[in-house]
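Asker: One structure follows; several queries about it will come next.
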Amino acid sequence: MATDDAPSEIPKLSVSHEGEHHNDFGGDIQITRSTYLFALCAALNSVNLGYDIGTSTSAGKLVQQDLALTMSQREIFVGSLNLWAMFGALGSNFVTDRYGRRRSFVVASILFIIGSIIQTTTGSYGLLMFGRVFVGLGVGFGLALDPIYIAEITPAKHRGELVTWSEISLNIGLVLGFSMKLITSNWRLMFLAGVIIPLLMIFLALKVMPESPRWLVANNQEESAKSILQRIYPENFDVDAVVNDIKDALQREQAAEQAVGWGVVLHPTPAFKRMLVVGVGLPIAQQIVGVEAIQYYLVDIIEDAGFDSSVKESLVLILIGIFKAFFVVIGGKLFDRRGRKPLLLVSLSGVALSLLIIALAYVINSKASKGFVIFAIIAYMTFFSIGIGPGAWLLASEVFATCIRAKAMSLATIGNRAAAFFMSSTFLSLANAMGWGAFFLFLMAICLMVIAFTYFFVPETKGRSLEDMTVYFAELTGDKSVLEAEAKIHKAVEMVGREEEPRSNTSSSEVL
């Protein structure tokens, strides 16, 4: 027989469901103009990383020639961005949790501006690398921040579409960076133009974007949170229920978290461990299939395929960037309609097939086959962009519990940038040592392992509220600590209801 102290019946799988809060079961929610505006402003920050990749691709050989760099120095220059981005991501959780999401956008933009100015004015390799430190810190800071902010100001029903705007913006930045080679052959001007978007971002963060309502609730500013939620959700939507769900989720997560600070991350319960495996594993997987390294050295691949004209190279780069951006838009729509997991598996299968075609083209090694490499590269980027590209950050932004979201996103970004650093810093050396055909077969083998990881470990999260994720993962893993905390919350709500009922009856009697 249960005592009063024992938790009530542990919630079953049906407790978690699609919807904006616990009493909503996935009804039709329209996106407000304010939500579109806030998501667009946040996504704009990702243009910075895309622009840096694009300009580094376009200007890489120009910098190498102008400063007389070796191939190894060029690899270090390209890859070092991701090294410093890891440190930026590591520090981002402290600032975003302590000072809020909005101020963090300002910090990321200032770091990017400082780095771009130093890179523009450099006369030596050492100073060039010093500027790279600040650019990398800004990129890492922003990369961890964008998906968190958009996920926290977006209704669950449309989160898949709007969070992928970050990846769309990254690809717009990529196209802009690729296009700079058509505008100027001066690599210093290419880097200097990179300060425009961060300056705009500072203005938007200070004058247009509100603070995340979930951060406000976590910091005891409920009325401000409700005011913002009323702009995010349609008129007459029950934002009080959303606020209560956020408070319940925080209470549930704190009850399950048997340590403070990083304790729940370093010593997680089964539910939190599964969150970390999925949310950190997918951003790492996104990079180990080789996408960023391939983008950085597209000029070398295009030249090897027989395109020796600078204009033709730029046009091919722009075409690839446009294909990527277009299919990210398509992917964003499909994530909310078809689900996350099916699209990830289709995307990764297409990426693996494209890598196989590229490898075979290099093995055949004829003029026609090398021309076919460009087609296969476009197919690779298309399949990447429709699934694993935006999907990795979409899943990372939504699977983590509120109490670990900023810390876990820092880890996800560190893992993503570490994988990107290794791939981009060793790409040319490995390809030359192994041979291009064998190297792309190696990437295909990695992609097949990522497919297996996705199939066995990644759950479907379409349509679920951020506050629902903790219970959902507890149900998936049988995590009793979280489920018991949920049961206690349910019991407390029932007791409050029973206490308020007599008061209501008394008030009614007095009126009569």
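For all residues, glycine too, the Cβ spot is worked out from N, Cα and C.
The structure displayed is predicted, hence computed values, not measured ones.
Found this in TrEMBL, in case it helps:
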DOMAIN    38-462  domain 'Major facilitator superfamily (MFS) profile'
TRANSMEM  76-96  transmembrane segment
TRANSMEM  105-127  transmembrane segment
TRANSMEM  133-150  transmembrane segment
TRANSMEM  162-183  transmembrane segment
TRANSMEM  189-206  transmembrane segment
TRANSMEM  276-299  transmembrane segment
TRANSMEM  314-331  transmembrane segment
TRANSMEM  343-365  transmembrane segment
TRANSMEM  371-396  transmembrane segment
TRANSMEM  408-430  transmembrane segment
TRANSMEM  436-458  transmembrane segment
Asker: Do we see three or more Cβ pairs under 8 Å linking the transmembrane segment (436-458) and the transmembrane segment (314-331), pairs being at least 6 apart in sequence?
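Answerer: They do not touch: fewer than three Cβ pairs between the two stretches lie under 8 Å.
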Asker: Under 8 Å between C-beta atoms and at least six residues away from its ends: which parts of the chain pack against the transmembrane segment (133-150)?
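Answerer: Sequence-distant neighbours of the transmembrane segment (133-150): 38-39, 42-43, 45-46, 48-49, 52, 80-93, 95-96, 101, 104-105, 107-116, 118-119, 159, 162-163, 165-166, 194, 198, 212, 393-394, 396-397, 405-406, 409-410, 412-414, 416-417.
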Asker: Tell me whether the transmembrane segment (105-127) sits in contact with the transmembrane segment (162-183), defined here as at least 3 Cβ pairs under 8 Å among residues 6 or more apart in sequence.
Answerer: no
Asker: Are the transmembrane segment (76-96) and the transmembrane segment (371-396) close, by which I mean at least 3 Cβ pairs under 8 Å that are 6+ residues apart in sequence?
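Answerer: Counting Cβ pairs under 8 Å, fewer than 3, so no.
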Asker: Top stretch among 189-206, 314-331, 343-365 for CB pairs under 8 A with the transmembrane segment (162-183)?
Answerer: 314-331
